[in-house]
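Copied over from TrEMBL:
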type     : residues  : note
TRANSMEM : B:20-40   : transmembrane segment
TRANSMEM : B:47-65   : transmembrane segment
TRANSMEM : B:71-92   : transmembrane segment
TRANSMEM : B:104-129 : transmembrane segment
TRANSMEM : B:149-168 : transmembrane segment
TRANSMEM : B:189-217 : transmembrane segment
TRANSMEM : B:229-254 : transmembrane segment
TRANSMEM : B:266-285 : transmembrane segment
Amino acid sequence: MTFMKKTLTASIAVAAASTMAVSTAHAEISDNEVRIGYLADMSGTYRDLAGPGGEAAMEMAIADFGGSVNGSPIVIFSADDRNSADVGANTVREWIDQRNVDMVGGLVASSVSIAVTKVLEENNGLGIVSGSAASSVTNEHCTPNHIHWVYDTYPLANGTAKAVVEQGGDSWFLLTADYAFGHALEADVTKVVEANGGEIVGGVRHPFPTSDFSSYILQAQGSGAKIVGLANAGADTVNAITTASQFGLTQSGQQLAGLLIFLNDVHALGLESTQGLLLTTGWYWNMDEESREWSERYFEEVGRMPTMVQAGIYSSTMHYLKAVEAAGTDDPEVVRAQMADMPIEDFFARNGSIREDGRMIHDMYLAQVKTPEESTGEWDLYEILSTIPADEAYRPLSDSQCKLVQN
Amino acid sequence: MTMIFGVPLAVFMGQLTLGLVNGAFYALLSLGLAVIFGLLKIVNFAHGAQYMLGAFAALLGFRYLGINYWLALFLVPLVVGSFGMLIERFLLRRIAHLDHLYGLLLTFGLALIFEGTLVNFFGVSGARYATPEALQGGLNLGFMFLPTYRAWVLVAALAMCLFTWFMIERTRLGAYLRAGTENSQLMQAFGVNVPLLITLTYGFGVALAAFAGVLAAPLYPVSPTMGSSLLIVVFAVVVIGGMGSILGAILTGLGMGVIEGLTKVYYPEASNTVIFLVMILVLMLRPAGLFGKEA
């Protein structure tokens, strides 16, 4: 060969060899960093149940884990999805294309989660949905690229609605938020109420979000139903409850059933107007010693007691990082499988495990809001009445429409 | 039971009543905006935030200074209005000679600053403001139970609207203002301090927004974002009524409240958008607005 050709061949050979060496050394953790994206409503209706507090929980998990996995630092990106499916999906697309994000967490409004998980499926990413409620996230909208962590509308209906019907509340009027979450909750509650001998006598769907509930409360009063079920969340629920008390809803003999109530809602409304409300929760800060310990640490950082979603974000991030460490890589498919292989038993989840449809099942709890006399502190708000075991709380796989389930 | 298009009469009447209450509210808010735009040609995008500041001032005044509701109704508009006057004197006046767009951008920026600062300190969950004792409870109207407080809002808002309309259309001060905005040089030649008049008028418009904010505090959770969703509706009302018309803003506000209320009965999912549909229709058929004068 000529000199030029020899040098060229040699340089190509060296280049190829070094690329191979480089790629083998970095095949474990992509970009030598574990990148997590936190996507949630940071300024709107659902800010206080996850929001910046959820990001703080994620940071706590990363710090407690040591800040790095097998020598690769852990990095967070965060963004405000404004409860918009478009904004959420585009943000995640950008994160995947430009920042090689390995896992997307947070995910609050159900419409956002459904859109984002589709993007993750197209790009073979991994997501952990902690804030959303719609059970459709692991039903018709399931994907192999996400896990649903904290709770969903199925145990909410099974817990709260069932308990209310058993107490005599057999005629219902449903006030529903008009989007994916509200529809899912409405459907699940209707099934449970009817299965337990009750009846849905009427309902109305309100735009999401709404601040003026006066005309809907009026319709609820006119329906004659014993129970007015609130199939909405966050600021919507707070507004609805406030308006209901202004219009004397409970004075005229009807009862409110809050189908999705968070700790921060009860705190904002006060025990006067929420006492006696039945609710289903995935976790409560004061339910036992372990939870209390973690919550007190969280309170030091953030200044408010954590909601179940914020605790779930910590728990899921920790589990994810443990899985990355055990698998030795941040490849989404491998980590997903590793996460499913490991049971979850921490301060947040009891008897926790991840099913083939991506649903993380764990014990749920029926709780009741304390009366002002029973409460011993600003955040001492719930009484846990009973436990709904993990294998009973969630939609059984035999009923599932998820494409990943062999039915 | 008498039915109106499938809805019982009692429910229909109830929604109509609520619609009027909401409409009075829209009227009050769009009045402030109409005064500012109609007379000063400033597109005040900070109006929603100023309404929110009124509600917050009432809340914080109660929490930290013990100022009760009735005192707040009087004090808060004065305080927030004065703040508005400062904004006009030191910020808006500097860009008064420029295109309207700059006023819009400036006030929009101010709104974002106010909201963002308060979100930082208070979150968005919203705080409760107790209904004053004298206005608690309700009136049984037969077809519905109307909270006394909402009846009060209807009365107070309409009274304030009437007062404003009277001031602008029937008093000498109002005449000066109207003349001053048409031909300020001539008015100044007559010895009228037109710049001061403009500052006072902007302050008055802001005070109207703050007054609406105090009225709203016991109704809706007081949250930094309470003004932003309302603002766009109020602008739509002003556009429908006609940008320069005071009476138009009042009547349109009431009308839109009623239309929105009725939509909530028959097709609630559209209640957020019906006012904009009306706006589109009006703009297509009568671009100057229902009561507007063709420019």
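Yeah, the Cβs are placed from backbone N, Cα and C, and that goes for glycine too.
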*Using a Cβ distance cut-off of under 8 Å, indicate which of B:20-40, B:47-65, B:104-129, B:149-168, B:266-285 has the most pairs with the transmembrane segment (B:189-217).*
B:47-65
*For the transmembrane segment (B:47-65), which stretch among B:20-40, B:149-168, B:229-254, B:266-285 has the most Cβ pairs under 8 A?*
B:229-254
*Recorded stretch, among B:20-40, B:71-92, B:104-129, B:149-168, B:266-285, maximising Cβ pairs under 8 Å relative to the transmembrane segment (B:229-254)*: B:20-40
_For the transmembrane segment (B:20-40), sequence-distant contacts whose Cβ falls under 8 Å of one of its Cβ atoms, 6 or more beyond its ends_ = 47, 51, 150-151, 153-154, 157-158, 160-161, 164, 168, 177-178, 181, 198, 201-202, 204-209, 211-212, 215-216, 230, 233-235, 237-238, 241, 243-246, 248-258, 260-261
